[in-house]
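*Asks:* Can you read through this structure? Questions will come right after.
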Amino acid sequence: MAVLKGPIEIRILIFACVMFFSLNVHIHGFYLPGVAPQDFQIGDALMVKVNKLTSTKTQLPYSYYSLPYCRPEKIVDSAENLGEVLRGDRIENSPFVFKMRESQMCAAVCRVKLDKKSAKALKEKIADEYRVNMILDNLPLVVPVQRPDQDNVVVYQHGFHVGLKGIFVGKKEEKYFIHNHLTFTVRFHRDIQTDSSRIVGFEVKPFSVKHEYEGQWNEKTRLSTCDPHTKRAVTNSESPQEVEEGNEIIFTYDVDFQESEVKWASRWDTYLLMADDQIHWFSIVNSMMIVLFLSGMVAMIMLRTLYRDISNYNQLETHEEVLEETGWKLVHGDVFRPPENPDLLCVYAGTGVQCFGMILVTMIFACLGFLSPSNRGGLMTAMLLLWVFMGLLAGYASSRLHKTLRGTEWKKIALQTAFMFPATVFVAFFVLNAIIWGQKSSGAVPFGTMFALVVLWFGISVPLVFIGGYIGFRRPALEEPVKTNKIPRQVPVQAWYMNPVFSVLIGGILPFGAVFIELFFILTSIWLHQFYYIFGFLFIVFIILIITCAEITVVLCYFQLCSEDYQWWWRSYLTSGSSAVYLFLYAAFYFYTKLEITKLVSGILYFGYMLIVSYVFFVFTGAIGFYACFWFTRLIYSSVKID
């Protein structure tokens, strides 16, 4: 793409950039968690917040208070950004209130008597292995687990299970038990000079205990199973609390404060500990080998064949060399003939540029640490906002290509660019959201948020696409290096390996091969609810993916032109874009081998979301391949004098 030089275009771009940053500040200014540390003095109140209930078996989040847990006097929702709402986060206050550096033992929260409905809800959540998520000072609650294969290595699991299933000795019937006693550990780093403390860890060990007491229950009732006066603490679940209609459940907790040498700035390091970095380096090396192989192919074409052929074009060499190396020159009069459905190609090329800009800037911000896990929902919020503002590039790229292909209806192209891809994704998202809403899950996006998305789309993205389209169409069309014949040349019969379907599918293998190892970790973080914060590795893989898509498409385009087939426009887009087919197939493989999803609704959600991701990947990689071939064909034909 050419650099904008006109004064009008520059003013428009400056205005769009100012709008972008001002909106970004407005949205993030009121809620940017995890950035500034908070100091606590001894005795200061620590408010524990509760988040959604999650399960890797159903992928349907639910509100914490959808189960019969103890409630505060008034439930207050925390401020949530756009990304948190789309992720299904529902952050609310809780009855758990700690005091800084003041340990508690067997603190009773409340007593709940189960009715038929609440007992059924608890059993369903226990059977589906739901986990309870809590937050303290923006740190998520984790359960430390010793790795059986490595000594002295502790991994952290998000949240604790609602309960567990088991069988009493001598009985065959399976029972459900709830974790009603929580032993919290709050780790803090103390400032020696001020004696203030900063929270650096929030852990829990859940237990199921059938509490016992004498007399009538009241707030001052002493439990015989857990009593701070007699120093009797809960250390196991040997006498678990069964979930049945009519049973009463007493919820209790302990909290212990432990001083830590970990500083506040490093408190996320234990959560993000990467024990398998060798696999990521293997992924990088594997991808680099693919890049080196393709780079060698491109170098051979450019140096050995093209440049020698161009320099000696008017000097006939041997008959064999002419037959071997001049096939691509025979189609010089047709190679820049506009393809079938040129408008659709322009729309997809512009949308691909929009995706590329969104992903590139997101990667840069993530590598700089702006999208760390401490900023929940920040990644998704950033991607949505960047997508909206990258509409300027989409309109520019599609209209500029449309004019190059001798088109005159830039408004029509801008309209299709603004609506075709986003409308497809929005309809799919709306259908999936309706399914989630039908399951009464907190993951369903509220109407207000859906309206906000529509406002971002129609109010910002669509106008920016038209502004970009106006700028792009005002730019002069790119001149063709060679003239196009009036009568199309007949394409000769192609060899079987040059069949369009075969060559397109072959072209998608190498780009997918460059990213599939990292793709495993991304899918694991999304669907198994684990942290993903290795954006440095991901950025390297991203660069390798771009190079691979460009090089494999250029190589196959060269072979196609040598076979006297000049219909390269759409094939160049589909060649690298076909890697999305392998991404979706790998997602299906991951579903059947790594996930334990059994419900039909959950399976529909998984494949629906992965279909959207694959579609985005297709548009993104397809645009890379197309523009690489666009540059390649212009380069080689502009270097040859055609008689």
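Placed from the backbone N, Cα and C atoms, the Cβ positions cover glycine too.
Heads up, TrEMBL stuff is auto-annotated, nobody curated it.
Sharing the record's features from TrEMBL:
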type	residues	note
TRANSMEM	12-32	transmembrane segment
TRANSMEM	281-303	transmembrane segment
TRANSMEM	345-371	transmembrane segment
TRANSMEM	377-397	transmembrane segment
TRANSMEM	418-438	transmembrane segment
TRANSMEM	450-473	transmembrane segment
TRANSMEM	494-527	transmembrane segment
TRANSMEM	533-561	transmembrane segment
TRANSMEM	573-592	transmembrane segment
TRANSMEM	604-632	transmembrane segment
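Burial and contacts for the listed features, if you can.
*Replies:* Beyond the transmembrane segment (345-371), the same-chain residues lying 6 or more positions past its ends with a Cβ under 8 Å from any Cβ of the stretch are 1, 339, 378-379, 382-383, 386-387, 390-391, 393-399, 401-402, 405, 407, 413, 416-417, 420-421, 535-536, 538-539, 542, 569-570, 573, 616, 619-620, 622-624, 626-627.
Long-range contacts of the transmembrane segment (377-397) within the same chain, counting only residues at least 6 positions beyond its ends with a Cβ under 8 Å from a Cβ of the stretch, are 1, 13, 16, 19-20, 23-24, 27-28, 80-87, 89, 349-351, 353-355, 357-358, 361-362, 365-366, 370-371, 414, 417-418, 453, 456-457, 460-462, 464-472.
Cβ atoms under 8 Å from those of the transmembrane segment (450-473) belong to residues 4, 9, 12, 16, 19, 82, 384-385, 387-389, 391-400, 402-403, 410-411, 413-415, 417-419, 422, 426, 430, 433 of the same chain, restricted to positions at least 6 beyond its ends.
If you look at the transmembrane segment (494-527), the same-chain residues 6 or more away from its ends with a CB under 8 A from one of its CBs are 56, 59, 279-280, 282-283, 286-287, 290-291, 294, 534, 537-538, 541, 544-545, 548-549, 552-553, 556, 559-560, 563, 565, 571, 574-583, 586-587, 590, 594-595, 606, 621, 625.
Outside the transmembrane segment (533-561), and at least 6 residues removed from its termini, the chain residues within Cβ reach (under 8 Å) are 268, 272, 274, 277, 280, 283-284, 287-288, 290-291, 294-295, 297-298, 301, 327-328, 331, 335, 359-360, 363-364, 366-367, 371-373, 498, 503, 506-507, 510-511, 514-515, 518, 521-522, 568, 571-572, 575-576, 579, 621, 624-626, 628-629, 632-633.
Sequence-distant contacts of the transmembrane segment (604-632), counting only residues of its own chain at least 6 positions beyond either end whose CB sits under 8 Å from a CB of the stretch, comprise 59-60, 345, 348-349, 351-353, 355-356, 359, 421, 424-425, 428-429, 431-432, 435-436, 507, 511, 527, 545-546, 549-554, 557-558, 568-569, 572-581, 583-584, 587-588, 591, 595, 597.
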*Asks:* Residues sitting near the transmembrane segment (281-303): Cβ under 8 Å, six or more positions beyond its termini, same chain?
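*Replies:* Same-chain contacts beyond the flanks: 510, 513-515, 517-518, 537, 540-541, 544-545, 547-548, 551-552, 554-555, 558.
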